[in-house]
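Undergrad: Here it is, the structure, as structure tokens.
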Amino acid sequence: MSLPAGNAVGNWLLILTAIFGFLTLIWIPQASAECQTRSIYCYECDSWTDARCKDPFNYTALPRDQPPLMTCNGCCVKMVRHQRSRYEVVRRMCTSQLQINLFMVDHVCMMESSGNGHMCFCEEDMCNSSKNLYTKNGYQHLINIMIIWLIGILLNQLSNR
């Protein structure tokens, strides 16, 4: 395939950017706009009263040796207070137990203004067992945007020749 010369390269750049942008928008729903309505399982515990709830979480332990699971019609939540101190408290639960009026997005964490804690949301079975709720899929969007940006630079350089 040969590239057209001059102004047509700019048109190709615009078309390719639109195609990749559209494909990226198709992939973004994987991050779900709001907590889902289907039922998932979330861990329900507080490290203040249950040492099994602490990080690092032992997700390889037998189910009887893990904190209880509950059915959740929303997102799983993991809250950490007094992060990286001997007073650290980890709480794992479902959004149905929170009175929160925020637009919640899957695999999003909100930090305390002091930087000593955070609250993360996720929507897969037992996802609130993770130390870090960001998944590889969360970084996929950044990688896609970087690829689109690099292709745009390459096409721009080709059009300037």
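Cβ from N, Cα, C; glycine included.
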Undergrad: Considering the candidates C42, C45, C109, which is the cysteine that Swiss-Prot reports in a disulfide bond with C76?
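TA: So the cysteine paired with C76 in Swiss-Prot is C42.
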Undergrad: Looking at 78-92, 93-107, which one does Swiss-Prot call region 'Loop 2'?
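TA: Spelled out, Swiss-Prot records region 'Loop 2' over residues 78-92, not the other listed ranges.
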Undergrad: Scan C120, C122 and flag the one Swiss-Prot records as disulfide-linked to C109.
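TA: Of the listed candidates, Swiss-Prot names C120 as the partner.
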Undergrad: How many other Cβ atoms are found within 10 Å of the Cβ atom of C45 (disulfide bond), counting all protein chains shown?
TA: 23
Undergrad: Return the residue, from the listed disulfide-bonded residues C42, C72, with the maximum count of other C-beta atoms within 10 angstroms of its C-beta.
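TA: Per the Cβ count within 10 Å, the most buried is C42.
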Undergrad: List, in sequence order, those disulfide-bonded residues among C42, C72, C76 whose Cα sits within 10 Å of the Cα of C127 (disulfide bond).
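TA: Those close enough are C42, C76.
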Undergrad: Let me know how many other Cβ atoms fall within 10 Å of the Cβ of C127 (disulfide bond).
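TA: By my count, 23.
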Undergrad: Which residue, out of the recorded positions N58, N128, shows the minimum number of other Cβ atoms inside 10 Å of its Cβ in this structure?
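TA: Across N58, N128, these recorded positions, the one with fewest Cβ atoms within 10 Å is N58.
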